[in-house]
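Peer 1: As listed in Swiss-Prot for this protein:
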type	residues	note
DOMAIN	10-42	domain 'EF-hand 1'
BINDING	ASP23, ASN25, ASP27, ASN29	Ca(2+) 1 binding site
DOMAIN	43-72	domain 'EF-hand 2'
DOMAIN	73-107	domain 'EF-hand 3'
BINDING	ASP84, ASP86, LYS90, ASP95	Ca(2+) 2 binding site
DOMAIN	108-141	domain 'EF-hand 4'
BINDING	ASP121, ASP125, LYS127, GLU132	Ca(2+) 3 binding site
Amino acid sequence: MAANLLFSEDQIKEYKTKFDAFDRNNDGNFPTMFLGNAMKSVGHVLTAAELENSRRVRKGTTTFPQFLAMILDKKCRKVFKAMDKDDKDKLLSADEVRQAMLSFDRQITEDKIKEMIEKADFPNDGKCSLEEFVKMVMNFC
């Protein structure tokens, strides 16, 4: 799972503890109606639209892998916005993508970053949109 490469073991344990607080039946999921509070417990606020979409997609429950994916999605968006220095075109250059990936994982190699960028095949003149960045990170293994 990509989360193991992008979150430290301590972070995963912390997120699991937060998740377990909402998994009151100890059955590996919690009702999606608690997702907003669960995300807030790890420092992320979901918009009303994100909550509504999650309720539709998750069909009533949220598992730990889904919870980690939502945290990762929020983290990707935060990193993207921090790295998009000019904020005019809402795109990251290859160098900004490299810096963003290093902010996720200090152990990642330049070769791995280059490979990821090449595989992502950004259609915007070699630049990466927010959606492309999130997809690239989610596929990172």
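Positions of Cβ are set from backbone N, Cα and C atoms, glycine also.
Tell me what's around each of these sites.
Peer 2: Beyond the ends of the domain 'EF-hand 1' (10-42), by six or more residues, the same chain brings 3-4, 51, 54-55, 58-64, 67-68, 70-71, 74 to within a C-beta distance below 8 angstroms of the stretch.
Taking Cβ-Cβ distances under 8 Å and a sequence separation of 6 or more, the neighbours of ASN29 (Ca(2+) 1 binding site) in its chain are ASP23, THR61, THR62, THR63, PHE64. In this structure, ASN29 (Ca(2+) 1 binding site) is part of a beta strand by DSSP.
With a threshold of 8 Å between CB atoms, the same-chain residues lying at least 6 positions outside the domain 'EF-hand 2' (43-72) that come near it are 1-3, 6-7, 12, 15-16, 19, 28-36, 137-138.
ASP95 (Ca(2+) 2 binding site) carries a helical DSSP state (H, G or I). The C-beta environment of ASP95 (Ca(2+) 2 binding site), restricted to residues of the same chain at least 6 apart in sequence and closer than 8 Å, is empty.
Counting residues of the domain 'EF-hand 4' (108-141) by DSSP class, helix then strand then coil, yields 21 helix, 4 strand, 9 coil.
Non-local neighbourhood of LYS127 (Ca(2+) 3 binding site): ASP89, LEU91, LEU92, SER93, ALA94, each in the same chain, at least six residues away, with C-beta under 8 Å from its C-beta.
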Peer 1: Determine which residues of the chain contact the domain 'EF-hand 4' (108-141) at the Cβ level, with the cut-off under 8 Å and only residues 6 or more beyond its ends counted.
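Peer 2: Long-range Cβ neighbours of the domain 'EF-hand 4' (108-141): 1-2, 5-6, 69, 72-73, 76-77, 80, 89-94, 96-98, 100-102.
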